[in-house]
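Feature annotations, reproduced from TrEMBL:
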type	residues	note
DOMAIN	B:21-92	domain 'Glycine transporter'
DOMAIN	B:111-185	domain 'Glycine transporter'
TRANSMEM	B:20-38	transmembrane segment
TRANSMEM	B:45-66	transmembrane segment
TRANSMEM	B:72-96	transmembrane segment
TRANSMEM	B:108-129	transmembrane segment
TRANSMEM	B:135-157	transmembrane segment
TRANSMEM	B:169-188	transmembrane segment
TRANSMEM	B:194-212	transmembrane segment
Amino acid sequence: MKLDAFTLNDLYTWGAQLRLLVEALATLAFALSGVLAGARKRLDVVGVCVVACLAAFGGGTVRDLLLDRRPFFWVAQHELLWLVLIVSVLSMRLLRLRGRHHGLTERAILWPDAVGLGLFTASGVHYALVAQMPLLVAALMGVITGMFGGVLRDMVCNEVPVSLRDHRPYALLSFLGGWIYIACQYLTDWAAWVAIFACVFTTVGLRMLALWRDWRLPDWRA
Amino acid sequence: MKLDAFTLNDLYTWGAQLRLLVEALATLAFALSGVLAGARKRLDVVGVCVVACLAAFGGGTVRDLLLDRRPFFWVAQHELLWLVLIVSVLSMRLLRLRGRHHGLTERAILWPDAVGLGLFTASGVHYALVAQMPLLVAALMGVITGMFGGVLRDMVCNEVPVSLRDHRPYALLSFLGGWIYIACQYLTDWAAWVAIFACVFTTVGLRMLALWRDWRLPDWRA
Amino acid sequence: MKLDAFTLNDLYTWGAQLRLLVEALATLAFALSGVLAGARKRLDVVGVCVVACLAAFGGGTVRDLLLDRRPFFWVAQHELLWLVLIVSVLSMRLLRLRGRHHGLTERAILWPDAVGLGLFTASGVHYALVAQMPLLVAALMGVITGMFGGVLRDMVCNEVPVSLRDHRPYALLSFLGGWIYIACQYLTDWAAWVAIFACVFTTVGLRMLALWRDWRLPDWRA
């Protein structure tokens, strides 16, 4: 009886729950990068929460503003807001207890951050194509969704955004992943989820490869 | 004859005019904080006006953008725009004559600024509830309306926003006031203005108490 | 036969193409100012492209967000996006080869930048009047369109925006040009293009005069 009930419908539900879980993880990774940035600037608890929210929700909010989409995703899923606020306060407490592990945390955060970049890129391209944007705009919307959370986080912390001066490929991989999404969509007749998966795997895989092999973009001193 | 005419309608008109007066005062207080910030950075007259406008109208504009409300309140009441521009130029002249009183002005500005915080919080929560936002989003919309004018003012002046690193409760009180608004609205059957008054009085009162008793949020060095 | 075909329609087409050419030039001038700002901060190729796009499209995007106009002009004319991206990468290569000519480029850029300011001002005022904004808001929308690209460029580069602290008239001339547009529209019964030309010529001419004669706004040290 129980085995009979294991139908495609269940699989779909499992898939949706898995997606939600991964999305929540990606949002949390971005939020955690905000907490670390706030801690480095010695902000108070309000500052840490604001920077964490900007990092986690900034990119998607800019995307939704530009595409004129309502409700915002953090309104439709306001559980994420609670999650980010609570995790920010808790991790701030934790950081205060053991401040010497910042470096470790920072390196550990690069992996979920890469997953976040891939997922946010795919969502940006997806919604832009749904809104009938030109292809270049769709690819850029993926980049904006993936990188503008970090840009806003660094701007409010009074830093030049790390993704603009890091010389390690980040937004460029998101741009590439966006074009792969578009290519899958327009050049093949595969299902929609193939495009999403190809985009996410390209972006995340290349980002991890770039971190592992320490790839660098050409610098000013040639 | 004149006394007969003193009806509820007159009272309503008086109330509306009082509200307009207080709102104008709060906007001016925020604008003045922008003038002071611009003067400290030695901006020119255009810079001072831009920073004053960002401080005065920034929070409400972000709120209206996020809630998709048009026209903006500074379009509907563009007299406020004239007022802020004229007051900015005049107070800039005044500051140039007597630059040594900056400190005095800064302390004096904290009181109308507290009133502004309370009023802006109430307006943010109110419009968010009208737009059927979830409760947490409504409370945060109050905080955004109250604090983002100052955040934009400090960002354009190339500073870490003072409300994020000050360790004196500001946005936190606005958050608390927002929840009190929501509680009054949902747990009681009192009139709508009770919720507004409770929110404003809580926020303003606690802010003044916090300034007077020099309350501090926990810092990083425990 | 060929001469016969030279009709008003052709003239109109020529005019539209001329306008497009000048607009593209103005956008490129703003983009180039972004490339120079990014080069000075030693950003990577992504950073330079982001700053160039913010400088070129930021003002118009803020205008369109505030006036609730869609599609954005860089969506409707996404050839401009390609142009800005390609020119950014190419001019970055060029700058790397001959870094010592920055100063020269910076002065050379002031002239197309002035043209850009005039054109962007006229477009801001035009769309605001079409959207039935109050006159002051329309004049300010011209200023916002003209100056906010540069403001965003400098904010993301972690500088106090140059247009706020330069003491050379820039936004003020755009404000003046905006009022001239409005005056032509409301006080005369001349054709619409007269207002546009008067606004652009006033702004650009005064800006060039101001640069040539080195006009200064009053400074804080009286």
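Heads up, the Cβ atoms here are built off N, Cα and C, so glycines get one too.
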The domain 'Glycine transporter' (B:21-92) [mean pLDDT, rounded to integer]: 91
Annotated stretches the transmembrane segment (B:72-96) and the transmembrane segment (B:135-157) touching (3 or more Cβ pairs under 8 Å): no
Surrounding residues of the transmembrane segment (B:194-212) on its own chain - C-beta under 8 Å, 6+ positions past either end: 110-111, 114-115, 117-119, 121-122, 125-126, 142, 146, 168-170, 173-174, 176-178, 180-182, 184-185, 188
Composition by DSSP (helix, strand, coil) of residues within the domain 'Glycine transporter' (B:21-92): 61 helix, 0 strand, 11 coil
Secondary structure tally of the domain 'Glycine transporter' (B:111-185) (DSSP, helix then strand then coil): 61 helix, 0 strand, 14 coil
Positions whose Cβ lies under 8 angstroms from the transmembrane segment (B:20-38), at least six residues beyond its ends: 47-48, 50-57, 59, 80, 83-84, 87-88, 91-92, 95, 102, 105-106, 109, 112-113, 115-116, 119-120, 149-150, 153-154, 157, 159
